[in-house]
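A.B. asks: Structure incoming, see below.
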Amino acid sequence: MGPMSAPAVNAQPRMLATAAGEKLNQLKKIDKNKVIYTLGEQMDVAKVEAIAASLGNDSRIEYAEPDYIMTIQQTHPNDPRYAEQWSYHSNDEITGGMNLPDAWSITQGSQDVVVAVVDTGIRYHEDLMDNIVPGYDFISDEFVANDGDGRDDNPLDSGDFTRQGECGYSSGQPVPSRDETSSWHGTHVAGTIAAVSNNGIGVAGVAWKSKILPVRVLGRCGGYTSDIVEGMRWAAGLHVDGVPANKNPAQVVNLSLGGEAPCSRVYQEAIEDITEKGTTVVVAAGNEGVRITSRNAAPANCSGVITVAANNKSGERSYYSNYGDYVDVAAPGGETKVKKYDYWSGTYTWQKRPEGGILSTLNAGQSYPGSDNYDYYQGTSMATPHVAGLVALMYAVNPKIEPSTVRSILKSTARQTDCDECGAGVVDAYEAVKKAKLYY
C-alpha cells in the first residue's frame, strides 16, 4: 500500500480497518511513504483486490494494491515420461540439454507452423495423431516402398525391415550384415518435434503446438535421392509433376538422413529453391564419426542448410557423430551405450545405457506395424529434430524470419560445451526463441 500521506502512515489501525472493512496489521515499511499490511486471514485474490480498491478510495491514501506473489515462469508438461527426456533440460547435471522449459514460457509452438518430416513415413501413434496434417508417399521403387504400390497420398510407414544381404554387397560383404528389424524412424523423429503434450500420456514434443507433415521417402535399404528431393520440394509447397499440390506447406524441413556422397546439383538446387521460398532446411551431420568433407556426407555438406551434430548428456560430442567445418550447431542425440574400462582385462568394453539416448514415439512391430510404444534411440537423426522443433518455436514468435537469419540466431545463441568441432556449440532454445522474437 502506498505512497500514503504522513498521517496515513501513522494512522490508527481503527481508521484503516474502517476504510478496508477488515482488520489490518502493519508488516513493514518499504520506504517512508509505503507500508505493507497483512490481513487477519487467508483470502482469495478477488477479495484482496476488493479490499485494496476500498482502501484506494480513501482520500488519505494515494493508492493501495495487493502485494502479488510472482512465480518462476516455466512450463512443465504433464506427460508421464517427460522426466525421462533429459535432452530438454539444462542444469549442472545435464550440460548437454537445450534449455527448453524457459523457451516454453515464451511459446510452445503454433498450429500455423508446419514441420515436414522427410523420412520413412509415420505411424498414427496416439501421442502424435492430433498434430499430423495430410502427407504423401514419394517412394517410387516397389521393393523400397514395401507397401505394394507406388507414389500415393498415404505416408504411413509400412516397415523397413531387411534380410541379410538384401541391399546388396559392399567390399564383398553383405548389406546389411545381418537381418534388421523395422526402425519406425520417421515416427521417432516426429515425436521429438511435436508429440502431443499435456495429454497425460507418453512424452512431450519440442514444439508441441506445431504440426507434422509426414513425407515418405525412405524404406527398405534407404531411399533414392530423386525421391528425397521431390519430397523436399513438395513439402515446402513447390510444384512436383504428377503430385497434387501440398495444402500445408512447411516452414521447416527435417532431413534426418544422408549418405556418403558429395552434395549433388539436384540437392543443391532444391535447397536453394526451398530456402528462397522462406523454408528452413535442417539436416543430420551423419553417424560415421568422421570429419565432414565436400565428398562424404550429403546433404549435410550442401550450402544453405543447418547441419546438426549430436551431443551427449554431458555436452560432449557423441562418439558416432560427424563433425567439422560443415557443422553449424549440435543438439542432443544421446548415447545408448558407453565405453567402460575393465581393470581385469585392461581393455574397454561397450555397456548398454538406453536412458542416455533420446526417448520418443515408436511402434512395437518387429517387421510390420504393431502397437504404439516408446523407446530410446541415438544418432544425429535424433539431434536434428530437436533443432527442427526449435526452429518451429522461432517461427511461432516471428513468422517472417528468413532461413539465413534462423541459422545466424541458432549459432549466435548456442552454448559452448565440450562438444569438440560441433560448430557454434549446443543450441539454447530459450536464447534462440528470445532473440527470434525481438528480431526485425
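Note that Cβ sites are derived from N, Cα and C of the backbone, with glycine treated the same way.
Sharing the record's features from TrEMBL:
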DOMAIN    111-418  domain 'Peptidase S8/S53'
ACT_SITE  D119  active site, charge relay system
REGION    147-184  region 'Disordered'
ACT_SITE  H185  active site, charge relay system
ACT_SITE  S381  active site, charge relay system
A.B. asks: Rounded to an integer, what is the Cα-Cα distance in Å between D119 (active site, charge relay system) and H185 (active site, charge relay system)?
C.D. replies: 7
A.B. asks: Suppose you look only at the domain 'Peptidase S8/S53' (111-418); what would the mean pLDDT be?
C.D. replies: 97
A.B. asks: If you draw a 10 Å sphere around the Cβ of H185 (active site, charge relay system), how many other Cβ atoms fall inside it, taking every protein chain shown into account?
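C.D. replies: 23, counting other Cβ atoms within 10 Å of H185 (active site, charge relay system).
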A.B. asks: Through the lens of DSSP with three states only, how would you label D119 (active site, charge relay system)?
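C.D. replies: Note: D119 (active site, charge relay system) is in a strand by DSSP.
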A.B. asks: Can you check which residues sit near S381 (active site, charge relay system), meaning Cβ under 8 Å from its Cβ, same chain, 6 or more apart in sequence, and list them in order?
C.D. replies: H185, H188, V189, S256, L257, A284, N287, G333
